[in-house]
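Below: the structure, in structure tokens.
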Amino acid sequence: MCDVESLVKASHEAKLRAYCPYSKFQVGAAVLTEDGKVFTGCNVENVSYSLTICAERSALVKAVSEGHTRFKAIAVASNMPDTYIRPCGACRQFLLEFGKDYDVYMTKPDHTFIKSSPVELMPHGFTPLDLMSYEKPGN
Ligand SMILES: O=c1ccn([C@H]2C[C@H](O)[C@@H](CO)O2)c(=O)[nH]1
Ligand SMILES: [Zn+2]
């Protein structure tokens, strides 16, 4: 099993692998699956700026592509001094896809953190349930 401190540490290690030649802003993420596995990710920038992928989505895509969709927690880290990193809007939507209530740890470089959740970060968000309850018109 993985405690919060280890997950936070894994996110800070992952940020060192950030590919961020344009912003120089390193971000790392570490997601803990319900069965105790940890997947890490970093931001991967692109010369065509809008193609950049954030660390949170990079970690989640790694986990999902390895067969994991149930999460206990995700920790996010950056190299921004004295500031808790906060996921962008796209990542908030992505986090909400996999549940409303798992733990989101937004950390500072000193490994302190604020704990939140997908629904707290994305109130009134559009969720998989919305689409499931939609009756598709027949043809
Ligand atoms: O929570 C965040 C915020 C920003 N970034 C990345 C995207 C881009 O590479 C750089 C600057 O926005 O930081 C993340 O990966 N996660
Ligand atoms: Zn993002």
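Positions of Cβ are set from backbone N, Cα and C atoms, glycine also.
Keep in mind that what you see is a predicted model, and the values were worked out from it rather than measured.
According to TrEMBL, the feature active site, proton donor maps to Glu56. Around the Cβ of Glu56 (active site, proton donor), the same chain contributes Val27, Ala29, Gly41, Ile74, Val76, Pro87, Cys91, Phe94, Leu95, each under 8 angstroms and 6 or more positions distant in sequence.
Sequence-distant contacts of Ser48 (substrate binding site), defined as residues of its own chain at least six apart whose C-beta falls under 8 angstroms from its C-beta, are absent. Sequence annotations record features per position, and here TrEMBL assigns substrate binding site to Asn43, Val44, Glu45, Asn46, Val47, Ser48, Tyr49.
Cys91 (Zn(2+) binding site) carries a helical DSSP state (H, G or I). Counted within 10 Å of its Cβ, the other Cβ atoms near Cys91 (Zn(2+) binding site) come to 26, all protein chains included. Under the heading Zn(2+) binding site, TrEMBL lists Cys54, Cys88, Cys91.
The domain 'CMP/dCMP-type deaminase' annotation in TrEMBL covers 2-129.
Counting only same-chain residues at least 6 apart in sequence, those with a Cβ under 8 Å from the Cβ of Glu45 (substrate binding site) are Tyr19, Cys20, Pro21, Tyr22, Ser23, Thr52. With the fewest other Cβ atoms inside 10 Å of its Cβ, the least crowded of the binding-site residues Asn43, Asn46 in this structure is Asn46.
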